[in-house]
Amino acid sequence: MYSNFKEQAIEYVKQAVLEDNAGNYAKAFPLYMNALEYFKTHLKYEKNPKIKEAITQKFTEYLRRAEEIRAVLDDGGSGPTSNGDAAVATRPKTKPKDGGDGKDGGDGEDPEQTKLRAGLNSAIIREKPNVKWNDVAGLESAKQALQEAVILPVKFPQFFTGKRRPWRAFLLYGPPGTGKSYLAKAVATEADSTFFSISSSDLVSKWMGESEKLVSSLFQMARESAPSIIFIDEIDSLCGQRGEGNESEASRRIKTELLVQMQGVGHNDQKVLVLAATNTPYALDQAIRRRFDKRIYIPLPDAKARQHMFKVHLGDTPHNLTESDFENLGRRTEGFSGSDVAVCVKDVLFEPVRKTQDAMFFYKTSNDMWMPCGPKQPGAVQISMQELAAQGLASQILPPPITKTDFDKVLARQKATVGKSDLEVHERFTREFGEEVPNPLTRYVEYDAHIAGYCHERAKQVSLYHYSKSFRGFSAMLTPEQAQQLAASGSVVSVFESRMNALHTTHSWEFLEIDSIRQYNHLPMDWKSDVIVGVIDTGVWPESESFNDKGLGPEPEKFKGECVPGENFTLANCNRKIIGARFYSKGWEAENDPLESSKATFFRSARDSEGHGSHTASTIAGSVVGNVSLFGMARGTARGGAPNARLAIYKACWFGDCNDADILSAMDDAINDGVDILSLSFGPTPPQPIYFEDSNSIGAFHAFKKGILISASAGNSFFPQTACNVAPWILTVAASSVDREFNAYIHLGNSKLLKGFSLNHLAMETHYSLIAGSSAAAPGVPATNGSFCKNNTLDPTIIKGKIVVCTLEKISDDRREKGIFIRQGGGVGMILIDPLVKDVGFQFVIPATLIGQEEAQELQAYMTMEKNPVARIYKTQTILKTKPSPKMTVFSSMGPNIITPDIIKPDITGPGLNIIAAWSPVSTEDTGGQSVDYNIISGTSMSCPHVSAVAAIVKSWQPAWSPAAIMSAIMTTATVLDKNQNPIGRDPNGTPTTPFDYGSGHINPMAAINPGLIYEFDSNDIINFLCSSGASLVQLKNLTGEGIYCRNPTTPTYNFNYPSIGISKMNGSLSVYRTVTYYGKGPTVYVAHVNCPSGVDVKVIPDKLDFTETGEKKTFRVDFKAFNKSDGNFVFGDLTWSNGILRVRSPIALNVLSL
């Protein structure tokens, strides 16, 4: 093989000598250099020492001649005299450009220096590789940094004066095959500089002392040729850690000399840039690493970059792929490196050849070429490639164009070569030594004319977060004008305003029959469980017994998060239960004031001062703790639904609010940390922003793509169309009750007992006088306003020593506040008439209870008839096995989905009424001013962690399942019947409910583990769904971070493969398609059963699905035909697939506009 290199070299020499003798020096010079390249390559393989010596001698002669010609060409002279055949002359003596004495380099008279230079000169890239910046897909941060160092100093030297100097040493590091060398070629092409391309073999010599001299000569030559760039590939092979057992003396001397030479780079205006690349940055010697003042991580290419690579590598090869096909290839090859893509395309290029070899039919094209085809192709002839060749037609055989199917075949057998552990090494190096991607806001602030008044430090101040780990973006404090300017910038996809999101159990898990799930061997509650649940909330109180780690194994290896110390929070506060803890406050403080200005108790750390975060986290994965209660109420054993799951805490909520900027930063970290489930018990105030401007939706989409399920609360806004977190890639959770009540009875003076509800632990030892708030209005206050018992509406002289009867002005009234105002006026108790919210447990600073309408009528009758009415409020009793249960809470936000009404929301309901769980003892606002370790509170904030825990259980049983599969399992196994087998009602009055109340129904953990059939969808399906919803390309890019092009025509939104069926605008007849995947053992048959919506006929085709093995997919069609309009209201039904054992149910919601 290497003999070809020698022959090529000799051929180039012959041509060079001819041009040299003819005086064509401009032509002779590149020919000499090409000859030297081939001679150098041949020398690497030549084993015969005599031949090697002879070639080296000739190499030196031709190099000298080439240098002479170059010197003349640089000076514009007529050229040196040639002696004919050899074209050899002595190199003229030159003075180093840096003004030095030349002691580090030779001048042509030193034979040793000449020999060294001969070996290095061939490393100079004479002909540019023709790789442009635009040819390098992605890597924007690396390209920008290199442009700053290489291009700008040459084109705009006035920029780099005084203390502003260009970067002088770059280290490109990352997994193999990510384009580091390719990027170096782009530098060589774009830079108007001498480019030295060096490998370890160029600098390593077997002769004592020669290696370090080669290093010295290299830098001297670079200085003489400045501006110049030295590119050292695989620098780790030269500069490993010093002191390692296998380190040679030569290696040590090379490192020492490199340190000396790199120390001098950049001084005295020497225009020399050192650019190095490595796949193993940790292997680098520490001192060498520090010499690189700019370290840039070259990650795996993203989907858009991979899409570009597929096009580049295919080049002009005939194919019939569409733009959509290329996009799909980019998305399908997640985890592929640039070299993986190149190998894939190379393999695909041979697919048409393979088809041609195997083809039995060919047809003749319009240009008389023979192309393989199928037997039904018009003009097809049954003949093989060999038979065509035998007929003398070999040159007329043409392979077919490349198709999408060719890529499908290759991708089915090719896998990514870069493992997760490889990526983790480089990401860890980035955290420890690397540099972050430049913040686009900072660039904008520095260069945009409108915001040019900000200095760099001011840019840092207005910039809050830079999201780069899991998705790209940043948050900043900008005026509306600046935001508008930024949105108009070509480098920014979109800008949206940051908003505040509001924060939205001993018996509840027994009610859900969670204990019937086995918790031994390898099943979900086994101590080896590696399921990690991330909780974004108000933090955690780590000392709570609910977070003890007894019986848990080591932290899962896959977790990459941190335990971040802070105020009253140390590394010791994390354990095998709480394996990660971070906190975020920049967004909240930027929009409000520093945390200290609140005057409330807080901790600038992951420690919880509000209780909410501890409550949600312990509901999910709290350890088993016995004899827990709230002042004796709800006494029992507390535990989370998945007590052996691990918790990663992300504190992004302060004083009841969670800022978008903080939420996105927490999500960015959580995704990168490797959580399996992410629980969000907060959401925007209705109406929800569109998905492309909603932090929860954007962050959740990127989590979904990474295989992380997002479970989020629907909100506590009471009314229709107020449900939030309604994106179809989020599991949206409503709130319902369990079979437990907290009764605080009222004993009237006539010995009658009225049933009330509250969390009252305060004893009332005797009877006190009763007075209606309307009868105790303060002077000048209308009686009606007095009945609301608000601030300054009651007369203290009248209510002193009495129990005050109050009413609600509106359903959102602060009930606890009323008790505070009564106590301030001297009152001793409160009875609040609250028919709808009476069963929500509230704690008060005085004995108090809530009653319904029937009890209110009896109380009012007693107070009317009795001259001196009196009453006594008893302490609360915990009542179990109450009926009906579950029922929907009155506060739980309802659908329909205001963003995409074809998606039924909420998705599911779970226990969210009067849930007891861990609390922060410093938080006393919700506990009647008392410090407690466990507290009882209500809301979709409480139901969400119940569903998050069930998702963790399902994940532990089915670790390979996608977020969509887990969502489907939870939704299709839910129940719409209460414990009495009656339809679930809403509120204390039993108001009828629909899927807009509870979605698919009340969660059923036991059934969710084995759902039978799954409705799957992925991020591509989501994008198609959004395209059909009318999303613009800019909006899609804002959500996904990638350039997206919608198919034409789009797939209707009602055909999105969701576990429910919604049609918001139905005209006459319509067909809906769904695909299910079978997860079970052995053959089975599922039969369809339909409850038809009112006024609509429904037919399922086929109505039987026959499965033979797990993983098998079946598609079915549901035909709807309306015979009555629904007058603008939705009508409801359901479709259930059953094999006689398992039931897979999907709710149906239709709005029939016309027949």
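The backbone N, Cα and C atoms fix where each Cβ goes, glycine too.
According to TrEMBL, the feature domain 'MIT' maps to 2-80. Residues or ranges marked as region 'Disordered' by TrEMBL: 73-114. Per TrEMBL, the feature compositional bias 'Basic and acidic residues' maps to 95-106. Marked as domain 'AAA+ ATPase' by TrEMBL: 166-302. What TrEMBL records for Asp537, His612, Ser941 is active site, charge relay system.
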Stretch-averaged pLDDT - the domain 'AAA+ ATPase' (166-302): 73
Alpha-carbon distance [Ser941 (active site, charge relay system); Asp537 (active site, charge relay system)] in Å: 10
Distance, Ser941 (active site, charge relay system) to His612 (active site, charge relay system) (CA atoms, angstrom): 8
Residues in the domain 'MIT' (2-80) grouped by DSSP into helix, strand and remaining coil: 68 helix, 0 strand, 11 coil
All-chain count of other Cβ atoms within 10 Å of Ser941 (active site, charge relay system): 29
Neighbouring C-beta atoms (10 Å sphere around the C-beta of His612 (active site, charge relay system)): 27
Collapsed DSSP category at Asp537 (active site, charge relay system): strand
Asp537 (active site, charge relay system): tally of other CB atoms within 10 A of its CB: 28
